[in-house]
Amino acid sequence: MAASAAASPRHGFLGLLLAAAAVLAAFGLGAAHATGSSDDRALLSVASLFPGPACPATAEHGPSAAASARMRIVHQHGPCSPLADAHGKPPAHDEILAADQNRVESIQRRVSATTGRDKLTKHAAPVQPGPKKSPGIHPGHSASSSTPSLPATSGRAVSTGNYVVTVGLGTPASKYTVVFDTGSDTTWVQCRPCVVKCYKQKGPLFDPAKSSTYANVSCTDSACADLDTNGCTGGHCLYAVQYGDGSYTVGFFAQDTLTIAHDAIKGFRFGCGEKNNGLFGKTAGLMGLGRGKTSLTVQAYNKYGGAFAYCLPALTTGTGYLDFGPGSAGNNARLTPMLTDKGQTFYYVGMTGIRVGGQQVPVAESVFSTAGTLVDSGTVITRLPATAYTALSSAFDKVMLARGYKKAPGYSILDTCYDFTGLSDVELPTVSLVFQGGACLDVDVSGIVYAISEAQVCLAFASNGDDESVAIVGNTQQKTYGVLYDLGKKTVGFAPGSC
């Protein structure tokens, strides 16, 4: 009896532990396998690959009193976008991936020109700007015959800068929805009077005549010389930006008050575009967040210390944020050095390895250091050196086949695909990108694969086709992370679970 009495408290305590574990598991708070993920596997709901057409009434990541510069990010083709009813049918996957490839080739040409390694002569030559002279564009006047000869484009509403924010411009401020892009420096919007050519955007064009704080930048202003391509007419500075897909914008380089969330940036210099054409969707223009002198990052350095962060939602039906200041990504960011000796504009980092299912993929670190790596908000699919991609694809495919998943044909730039027809959940091997200093980007399950259809779901990585072209960490793999760029501290960071 004494032994039995002594044992019962222990049995009762064990029962309480088991009951508590059951409650934790029911709420997804127990061991990793209870949540459908662990260090080596991630549970994917196939239905989540195909979100519905409605914008859910969920918590916003928009401006708050505590974050005066925080803006809401949405996918420009998603139902939460201010442009949603302007687009009609969203672009097809082949259009998205073709435009993505154009962007990647443009970035790699620019990087090759900076580093002296011209690897992309096999591709079409980049679009050349017209002569650096007056385009003859004057507000309220017609264009003269000295307009540079700039290319026509297909005019399709596809832009690989596929996430947008809404900003205010002018005094009083009017709202404009623009693509934000870490791979560009100069911010610009379409302006009235559009005397040459403007693509169709949702909402009115910016009208300088209605802003009491608008002014053209003088040709003698040092800011005019900061432009990659500039010109002069009537003493006013002109800008021109050409994009790798043939898109372009030309107009006056001007200054006015830019409003981001609750913050006003006075004297912000931007392009007031009066000759614009290309793959910009229905947006009003572009916000440049690169490292160059004309970027918002550099112009607002004294206010925000050269730091900003964004979080891209897991689904096109979700919302994320763009915020400015050193604390914009939170305190849990995993930091890696920003490599600033490889040229302007882009954000270079040092990738050192890849893990699949928690295991290091056998790729020499020299493969990554030879090519170099940059992080980009506008590239959709992460590009890797051929050797690294082959090892990643092989390791991923080995696990998928061992778990009994059926192969599917490749699609466009994606060659490692599976047929998930009739499946409700799929167990994927985790994928992690490792950087200098030990920072690790454990790709969210929403960013491991890219879905064409249930019958064709592909690994969301692609090969550069060689080991010399720069690797690019694309936005699909950045989803749900607060991605921090800090020019002051020369760091790039990844904060998990930020949106």
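Cβ coordinates are placed from backbone N, Cα and C, and glycine is handled just like the others.
Nobody curates TrEMBL annotations by hand; they come from automatic prediction.
Annotated active site per TrEMBL: ASP181 (among others), in sequence order. Sequence-distant neighbours of ASP181 (active site) (same chain, 6+ residues apart, CB-CB distance under 8 A): GLY161, LEU286, MET287, GLY288, LEU289, GLY290, SER377, GLY378.
Using a 10 Å Cβ-Cβ cutoff, ASP376 (active site) registers 25 neighbours. Residues or ranges marked as active site in TrEMBL: ASP376 (among others).
If you look up TrEMBL, you'll see 142-154 marked as compositional bias 'Low complexity'.
What TrEMBL lists as domain 'Peptidase A1' is 163-495. Averaged across the domain 'Peptidase A1' (163-495), pLDDT in this predicted model comes to 95.
TrEMBL lists 111-156 with the feature region 'Disordered'.
For 1-25, the entry in TrEMBL reads signal peptide.
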